[in-house]
Protein chains: 2
Amino acid sequence: MAEKKPARKVAKKAAVKKPGAANGAAKKAAAPAKTKSSVDLAAVRTEIDGIDRQIEALISERARWAQQVGRAKGKLAAAVDYYRPEREAQVLRQVVDRNDGPLANEVLVRLFREIMSACLAQQEPLRIGFLGPEGTFSQQAVYKHFGHSAKALPLASVEEVFDEVAAGHADFGVVPVENSGQGTIQSTLDMFLSSPLMICGEVELRVHQYLMSRTGNIEDVERVYSHALSLAQCRSWLRQHLAGAEKQAVVSNAEAARRARNADDAAAIAGKNAGHVYGLKVIAGPIEDRPDNTTRFLVIGRELFPPSGHDRTSLLVTVQDQPGALYKVLEPLARHGVSMNRIESRPAHGRLWEYAFFIDVEGHAEEAPLSAALAEMQASGQKVRLLGAYPVAIP
Amino acid sequence: MAEKKPARKVAKKAAVKKPGAANGAAKKAAAPAKTKSSVDLAAVRTEIDGIDRQIEALISERARWAQQVGRAKGKLAAAVDYYRPEREAQVLRQVVDRNDGPLANEVLVRLFREIMSACLAQQEPLRIGFLGPEGTFSQQAVYKHFGHSAKALPLASVEEVFDEVAAGHADFGVVPVENSGQGTIQSTLDMFLSSPLMICGEVELRVHQYLMSRTGNIEDVERVYSHALSLAQCRSWLRQHLAGAEKQAVVSNAEAARRARNADDAAAIAGKNAGHVYGLKVIAGPIEDRPDNTTRFLVIGRELFPPSGHDRTSLLVTVQDQPGALYKVLEPLARHGVSMNRIESRPAHGRLWEYAFFIDVEGHAEEAPLSAALAEMQASGQKVRLLGAYPVAIP
């Protein structure tokens with residue numbers, strides 16, 4: 001972030017020079033490469049230099065436009081003042097739609113996340129709270145969603161992430177909420193029962209689990225520590241390979257690794273990172289039962305953002321425990337043709353005989369048909385709270 | 001890396017469309033933004049969409065050119081077969097030379113590192129061994145130098161990094177060698193006395209030190225653990241604030257944090273990461289005496305690369321301990337006008353009365369005037385080993 005050149009020149013210098021010519025030359029030089037096996041390395045480098053010059057000019061021009069937006073919002077606008085998740089989602093979907101190789105979609109998405117992140121961080125970077133320590137899956141989720149120009153702040157608990165965002169010490173927070181194999185992390189959802197924060201986005205991350213121990217020998221393992229969710233993710237593997245060992249659920253995978261470090265007959269299931277931090281050796285892995293094991297994170301913030309064109313809305317509905325209560329809640333959604341992605345019931349915080357439902361539906365709360373259904377639900381006196389409406393995760 | 005679209009189409013679809021027009025429009029739309037304080041957000045977004053389309057087409061075209069180079073080297077060429085550090089350094093220097101804002105040089109360098117990294121990793125990514133655990137400064141140095149498409153392999157010791165690279169399990173290694181305030185990490189240099197590996201690059205990284213403890217209160221601190229180098233980096237701060245406390249040097253800052261975790265009267269000096277991993281609270285920081293505190297890392301590999309145009313050469317010279325021995329070594333360098341950046345003497349491994357000198361000089365071993373000086377040194381029977389010739393670090 002440090003040194004910044006002062007001059008903001010008009011787009012003149014950034015103008016792209018003869019890209020047509022560069023492309024024409026590209027085609028000419030590429031042809032021989034396919035017929036004979038040697039490539040004229042010098043010619044290729046000249047081509048790439050031309051491409052890089054254009055990319056750089058365009059990135060700089062993009063950064064100047066971003067400055068314009070920032071200026072419009074006020075002299076000292078911080079990144080959070082003009083960060084628009086719905087707009088970023090649209091940009092990334094266009095990147096995926098346009099892509100016809102050779103780079104994988106996820107690689108291009110990552111590069112554009114970084115470019116947007118750099119353009120946004122020109123004044124002051126976004127500060128993102130996450131469940132620490134550094135090196136966790138949560139931190140990976142932060143960088144995947146916000147790029148490396150954002151500032152990731154490791155915090156001690158999910159509760160602390162909510163507190164820091166609410167207090168404005170962090171602009172957004174990233175908290176784990178669901179695993180593809182094992183379902184919802186209830187404690188995260190429960191935070192919304194008492195917190196006024198909103199959901200501004202979601203991130204999906206592939207995760208891999210490893211069995212690790214001090215000795216690295218499976219014969220030594222008589223106890224396996226891990227978070228309950230991770231134990232569940234590896235259930236069949238454990239049944240096949242460590243049926244006799246005691247499984248012990250602990251508060252986090254990092255804690256599991258810490259405990260495994262203290263005894264030769266113990267092992268931990270955790271991400272590789274946690275194992276390395278505590279000097280454990282990998283016995284086996286990845287050992288999760290589903291090869292598509294994915295953790296979903298929520299991005300939490302203080303406001304609601306406009307639609308991106310492909311959104312999801314999260315609702316918190318509180319009902320009295322009486323026959324047909326849930327049915328009445330769902331009726332307007334069904335009638336308006338709103339698809340439901342998920343529903344989770346939870347006892348409401350401290351109120352006897354009241355239940356809370358966390359409901360995810362397709363679409364944005366401000367757009368039809370959902371907006372109409374929500375209006376009806378509210379008009380009929382139901383306790384419906386909008387937790388957030390946000391772009392569906394981009395792979 | 002996962003999904004890849006199959007078709008490798010010719011540059012046609014990637015051709016940049018009317019960039020001139022886009023830039024022209026950019027200038028038009030930018031003008032009103034400067035006179036009145038509101039910006040036509042929709043117009044700006046259209047501009048940025050046009051820019052993004054061009055950037056994406058150019059990155060894809062660049063990736064296709066990189067594939068050409070890979071193919072020329074053989075059907076199954078891994079990244080290591082066509083990774084050229086001297087070429088990457090040239091590309092990044094051009095990026096810096098061309099930059100006239102608004103993004104800082106270091107931001108653009110990072111984006112181009114990532115673009116090159118993605119283009120290179122299309123077949124199989126580079127595997128880079130480093131002194132683990134994850135989250136260390138060494139890992140930051142890996143990503144700074146190789147981009148996030150490289151695969152970073154955390155290893156237990158500097159020795160293991162050398163071993164894994166020598167055995168071909170890692171393509172390159174990244175090891176700390178020097179701190180701006182405190183000088184050389186002798187144990188790293190000493191590895192070259194017995195290893196045949198070469199130096200292929202250098203990375204410089206700003207580092208910050210924090211005083212951390214379990215309680216977070218400076219009044220409780222009676223002992224301070226840290227690596228000797230880190231203790232030295234914070235000497236004046238410690239003298240001012242903790243003159244009475246016992247300073248104890250341990251093997252790494254991570255180990256210091258681990259120890260501080262076990263006692264209320266102990267603190268550690270380490271990077272923030274290490275403190276978070278062990279649940280410590282920050283008492284103060286950054287506390288390093290020099291605000292430009294920088295650690296230098298070496299990139300080690302198995303071969304020598306060609307000149308990049310702005311290089312440094314590292315030599316290992318062994319001499320008998322006799323009067324004038326060093327003088328004789330330096331004479332050809334001086335006569336050919338070769339500048340010396342650094343010299344370190346070390347007792348040679350296991351040989352009585354022999355000394356080893358690690359010498360860094362300006363220029364590449366294969367280019368004049370250094371090549372001539374080296375030829376003379378070798379001709380005169382001196383034991384001169386070329387440790388590596390590599391691009392000077394790009395900030």
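Glycine too: its Cβ is placed from the backbone N, Cα and C atoms.
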* Structure fact -> region 'Disordered' per TrEMBL, picked from B:1-34, B:137-170, B:341-374, is residues B:1-34
* Structure fact -> In DSSP terms, the domain 'Chorismate mutase' (B:35-127) comprises 67 helix, 1 strand, 25 coil
* **C-beta crowding around B:THR295 (site 'Essential for prephenate dehydratase activity'), within 10 angstroms** => 23
* DSSP residue counts for the domain 'ACT' (B:314-391), split into helix, strand and coil -> 21 helix, 33 strand, 24 coil
* Per-region confidence, the domain 'ACT' (B:314-391) (mean pLDDT, whole number) -> 84
